[in-house]
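Heads up: the structure comes next, in C-alpha cells.
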Amino acid sequence: MRLVLPAFLLDAAFVLAFVVIGRINHAEGLTPSGVALTLWPFAAALVAGWLATLPWRPWRAPKTLLTTGWIVWAVTVGGGTQLRDLAGEGAPLSFSLVTAAFLGVTLLGWRGLAMLAGRRRRAAAE
C-alpha cells in the first residue's frame, strides 16, 4: 500500500505538467482559476482510472505497466477528453492525440523505466 500514494502523486504531477505546458503553449496564462478549469477533467479522470484498477489490486504493484499503467492512461485520456468536451471546452481530434501522446509517454513511460530498473537490479543481484 505504501507505493500507491507516490505512484498516484507522480501520475498527478504529470497530468498537472500536461495542463501547465498546454496553457503556456496556447498563451492562456497560469492563473489558479485557469489552471483549475483545464485540470479538473483530467484530475477527475485520473482518480477514476486509479479506481478502475482496484480489481487488479494496484497496491501490490502500482508501477505495473500492463494493468495499472494502461488502465490509468486509457481512463485518464478518454475520460478527461470526454469531460472536457461535456464541459463545453471542446476536444478536437488534434487535442485528443496530443493528450494521448503526452500522457502515454509520461504515465506509461515512468512505469516502463521502473520495470527496466527493477529487472536490472534483479539481474545484478543474481
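Every residue gets a Cβ built from N, Cα and C, even glycine.
Those TrEMBL annotations? Automatic predictions, nothing curated.
Tertiary neighbourhood of the transmembrane segment (33-52): same-chain residues 8, 11-12, 15-16, 18-20, 22-23, 58, 71-84, 87, 89, selected by CB-CB distance under 8 Å and a gap of 6+ residues from either end. Look at TrEMBL and you will find 33-52 (among others) tagged as transmembrane segment.
Among the features that TrEMBL reports, transmembrane segment is placed at 64-81 (among others).
Annotation comment: TrEMBL describes 93-113 (among others) as transmembrane segment. Only residues 6 or more beyond the boundaries of the transmembrane segment (93-113), in the same chain, are considered here, and those with a CB under 8 A from a CB of the stretch are 10-11, 14-15, 17-18, 21, 63-65, 68-70, 72-73, 76-77, 80-81.
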